[in-house]
Amino acid sequence: MTNVSQPSVAPREGRDADRRPALARGRTILGVDPGLTRCGLGAITATAGRVVRIVDVGVATSSPDTPLELRLLQISTVIDEWIDRLRPDAVAVERVFAQSNVSTVTGTAQVAGLAMVAAARRGIPVELHTPSEVKAAITGNGRAEKEQITTMVTRILGLASAPRPADAADALALAICHAWRSPAGRPVAAVATATIEVDDEPSGPAAASPANGAAPTAAQALWLEAERRSRRTARRVAPARGSVGR
């Protein structure tokens, strides 16, 4: 059977059906940190001013002793349940890269595919985010360690305790990254193949700051600093125009 562990966190919004009206005021985003043994799931809402709040967080697990097809079925069932229960407006999945451990990357890619298909079947937009993109968005450092990500996710969401294990925090980080970096309403085909874009326009909370000059929220301030660092790093590594593929 699939085990779903849900770390102790601050009171969650939107877990009951009768609280759905509160969620309707913002976008609900489900982050999926794919893994065959542990698949992190984290949902947030992003409201006016790009303020983010936790909705739910957990980890779906499957045993290595279980046949592969049943492990995939177990993880898929949990992903389906989360999507049907939370009805997210978007699903953010970690982009899988080749690793030396073929078995691990294969299982991770398979679970990522399950999440993408589950969302597509329901007409929900999907966006893939690279680990470095998420790290830069959350911490301002594209090479941040997992513990740094957990610490920043805890601060940004104002949680009473850190989400555990790290897979749960990573799923929330994916959702936050999507909320802060991705414009709403992009076609599914466009977001599914999206890459990091570098420009001079603010794409985080700064883009939605109040026109009256009100002070940014704590989450917005964190984003502003992360955005500056991320943009500087991207410019250093970005190839010159017309040089790609040469």
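Glycine is no exception: its Cβ is also placed from the backbone N, Cα and C atoms.
Note: TrEMBL annotation is automatic and uncurated.
Annotated region 'Disordered' per TrEMBL: 1-22 (among others), in sequence order.
What TrEMBL records for 12-21 is compositional bias 'Basic and acidic residues'.
The active site annotation in TrEMBL covers ASP33 (among others). Shown in sequence order, CYS39, GLY40, LEU41, GLY42, GLU94, ASP167, ALA168, ASP170, ALA171, LEU174 are the residues of the chain, 6+ apart in sequence, with a C-beta less than 8 angstroms from the C-beta of ASP33 (active site).
Marked as Mg(2+) 1 binding site by TrEMBL: ASP33, ASP167. According to DSSP, ASP167 (Mg(2+) 1 binding site) sits within a helical segment.
What TrEMBL lists as active site is GLU94 (among others). Within 10 Å of the C-beta of GLU94 (active site) there are 26 other C-beta atoms, taking all protein chains into account.
As annotated by TrEMBL, Mg(2+) 2 binding site applies to GLU94.
Residues or ranges marked as active site in TrEMBL: ASP167 (among others).
Per TrEMBL, the feature region 'Disordered' maps to 200-221 (among others).
As annotated by TrEMBL, compositional bias 'Low complexity' applies to 203-221 (among others).
Annotated region 'Disordered' per TrEMBL: 227-246 (among others), in sequence order.
TrEMBL lists 236-246 (among others) with the feature compositional bias 'Low complexity'.
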If you run the three-state DSSP split on GLU94 (active site), which class comes out? strand
